[in-house]
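Here is what Swiss-Prot records for this protein:
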type     : residues : note
COMPBIAS : 32-49    : compositional bias 'Polar residues'
MOD_RES  : LYS103   : N6-acetyllysine
MOD_RES  : LYS181   : N6-acetyllysine
MOD_RES  : LYS196   : N6-acetyllysine
MOD_RES  : LYS280   : N6-succinyllysine
MOD_RES  : LYS280   : N6-(pyridoxal phosphate)lysine
MOD_RES  : LYS356   : N6-acetyllysine
MOD_RES  : LYS464   : N6-acetyllysine
MOD_RES  : LYS469   : N6-acetyllysine
MOD_RES  : SER470   : phosphoserine
MOD_RES  : LYS474   : N6-acetyllysine
REGION   : 28-49    : region 'Disordered'
TRANSIT  : 1-29     : transit peptide
Amino acid sequence: MLPFSLLWAVRPLQRCGPLVRTAVRAQHGKAAQTQTGEASRGWTGQESLSDTDPEMWELLQREKDRQCRGLELIASENFCIRAALEALGSCLNNKYSEGYPGKRYYGGAEVVDEIELLCQRRALEAFDLDPAQWGVNVQPYSGSPANLAAYTALLQPHDRIMGLDLPDGGHLTHGYMSDVKRVSATSIFFESMPYKLNPQTGLIDYEQLALTARLFRPRLIIAGTSAYARLIDYARMREVCDEVKAHLLADMAHISGLVAAKVIPSPFKHADVVTTTTHKTLRGARSGLIFYRKGVRTVDPKTGQEIPYTFEDRINFAVFPSLQGGPHNHAIAAVAVALKQACTPMFREYSLQVLKNARAMADALLERGYSLVSGGTDNHLVLVDLRPKGLDGARAERVLELVSITANKNTCPGDRSAITPGGLRLGAPALTSRQFREDDFRRVVDFIDEGVNIGLEVKRKTAKLQDFKSFLLKDPETSQHLADLRRRVQQFARAFPMPGFPEH
């Protein structure tokens, strides 16, 4: 019997017919030693990763083991479904296809044309969009390129934009700049002004947003977040945009899966353009989508002439040729697979469970005396404010990492340091994909609480962050506490199934 590594290499070839199977056998038999010409060179490209690059294979297996034995709580991460990973690792990686379906700059694109059109159709279907009123570009490489392409299409250089401030839960691509530096390319190429949370409620301050917009007169307002646990009032933001004659762009990268499942409100009723990633709550491969309105925008009251939206050509041109070259056809296919899944009843059940698990996690944290920004959650994440506990997110993140719990430090409203921010962001999507339920998340909070208490104890004995990190590794008693907690976390985590390939 062939070894597993060889079976894995041959398996996909068995669909290609007898000639391919014979060729593969010849490469490993006596015929391989007597062949002449091209075939005698021996290389076929059919060698497995484990045979060709054992070092990389070992690293992949280590990462797979890390994911299986740990608790993944980073809100922007999820576990991609196996079917999408198969598309991602397919022959589509080989095909170059600059341009759009039917208008390529390369030949041999008839199949990838069908794949891209299928992805477009599924994207519109997933969000119940009328093709006469909405279009979608599925070529952006990820969320940040999608946002920059949308800005390029909608704005002129140095036009004004408004987005939620990064320390208040916004994203870098929404125009972030510090007091001394324009950090994001968005703030370099455009003039940005942040809107913020109400420090008392932890909610977006829509009144202040409106006041700022009236003074700043932005051309674009971005409704999107990366660390905000509540729902966005898209209708209110539409009112502000209409008042100041601005476009409304909804960045639903974090919540698009929840929107597709119809478990939270959709931005499409109010937005002009909607962008998203595809690997977070959509549970697909890493890529980006840009949705845009099309059809009739308004009717001229004097002439009665219909005035159409002009987003389609501008957005398509911004993606290609302005910012990208050939699309990643393997990623587009993988996204199409995930979008098909997003239309199923099973995906809606998953999304509902994400919300239940996030609320269970929030309630368990509150019961243990933790402070949450905004006091709770309406979506897939919670933002814990550790400052009342006397700890910061950087120290908590490191302790949890050492016990196989992966979370990320995050700024809270009022934070002055991104190195030692006061918050810890926790998300439910990834562990929900491993079939965690509410009681499981309460157990996860027990582990987190143990880790935070270890962090508090070590902080009392150290000064600087680097001293804190060194003490965790060098103090025998602390190391023992960490090892015990890590053992229990890993034992708990390994009992749950993992999507994707079994070995890597």
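Every residue gets a Cβ built from N, Cα and C, even glycine.
Known features from Swiss-Prot, placed on the structure.
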residue : record            : contacts (Cβ under 8 Å, 6+ apart)
LYS103  : N6-acetyllysine   : none
LYS181  : N6-acetyllysine   : none
LYS196  : N6-acetyllysine   : LEU164, ASP165, ASP168, ILE204, ASP205, GLN208, PRO413
LYS280  : N6-succinyllysine : ALA75, SER76, GLU77, ASN78, ALA253, HIS254, SER256, GLY257, PRO429
LYS356  : N6-acetyllysine   : ARG437, GLU438
LYS464  : N6-acetyllysine   : none
LYS469  : N6-acetyllysine   : ARG398
SER470  : phosphoserine     : none
LYS474  : N6-acetyllysine   : none
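Under the DSSP three-state reduction, LYS464 (N6-acetyllysine) is assigned to coil, being neither helix nor strand.
In the three-state DSSP reading, LYS280 (N6-succinyllysine) counts as coil.
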